[in-house]
Amino acid sequence: MSNRIRLGVNVDHVATIRNARGGRHPDPVRAAKLAIAAGADGITAHLREDRRHIRDDDMARLKSEIDKPLNFEMAATEEMVRIALHTKPHAVCLVPEKREERTTEGGLDVVGQAASLKPAVHALKHAGIRVSLFIAAAPAQIEMAAEIGAPVIEIHTGAWCDALAEGRHTEAEAEWQLIRAGALLAQSVGLEVHAGHGLDYATAETIAALPQIVELNIGHFLIGEAVFEGLAETVRFMRAAMDRGRRQIAGAALKEKA
Ligand SMILES: CC(=O)[C@@H](O)[C@H](O)COP(=O)(O)O
Ligand SMILES: NCC(=O)COP(=O)(O)O
């Protein structure tokens, strides 16, 4: 397994800024191209049912104009499965959605929704699309994700990041241990392991030191930082943070050998 950890840049909130005034500026597709030029390994975009940020045309243009993998985030609805099968992105990540939520809250309830998720997973896989399930690092959710045939999970890191940001250290440590154990369990049942939501430079560096995790999807913090540092610089800083984290694995391996 390559030691490299991929960076997926989520351009949702470039569209949030654009939609604040209507019109076409700033363009999430231009942001995606800049992020790729600065080192992003892929682009993530979340086509929500309410189209509050990314819109259908954005997703279509991302698919046709970028030369790196497109990770299409969506709810597992008939409408979105139909759009994904037409768009044929490299990957789909199935996420929970509630219209009233400000951002993605919690992970998919794969255990409770296995019967409805399984057909969507199989239809997308049959179309050659890599399917990921956006879940909390709960053992039952991880095991059910493998059972219904998803090849990939993306661990929801929001609770860990929020607890750290708010100084709830005991809760943050508990969430971190859940993530560590979940990544190990997921790999042991044959799943490819990604992570995302709420990550910043420090938490991306920390989680990049988990060898089981091969992709991070990061958006809100990056776009916020880009307001101050520029998008290219922000992507380069994030890449460097992830590489520092990854090097800890090599360091730990050397210590073990010594
Ligand atoms: C699933 C996920 O964590 C991201 O796509 C996040 O949902 C960004 O979009 P929102 O900020 O609209 O939740
Ligand atoms: N799936 C996580 C993602 O795409 C980006 O989440 P965030 O960094 O915007 O919180």
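Placement of Cβ uses the backbone N, Cα and C atoms for every residue, glycine included.
Summary of the site annotation: TrEMBL records 1-deoxy-D-xylulose 5-phosphate binding at Asp12, His13, Arg48, His53. Screening the candidates Thr87, Thr103 against this entry identifies Thr103 as the one listed for that site. What TrEMBL records for the 3-amino-2-oxopropyl phosphate site is Arg21, Gly198, Gly219, His220, and among Asn3, Asn10 the residue it adds there is Asn10. Among the residues the record lists as binding 3-amino-2-oxopropyl phosphate, namely Asn10, Arg21, Gly198, Gly219, His220, the two farthest apart have Cα atoms separated by 25 Å. Among the recorded positions His46, Glu154, Gly219, His220, the ones whose Cα sits within 10 Å of the Cα of His53 (1-deoxy-D-xylulose 5-phosphate binding site) are His46, in sequence order. The recorded positions examined here are Arg48, His53, His197, His220; by Cβ neighbour count within 10 Å, the least packed of them is His220.
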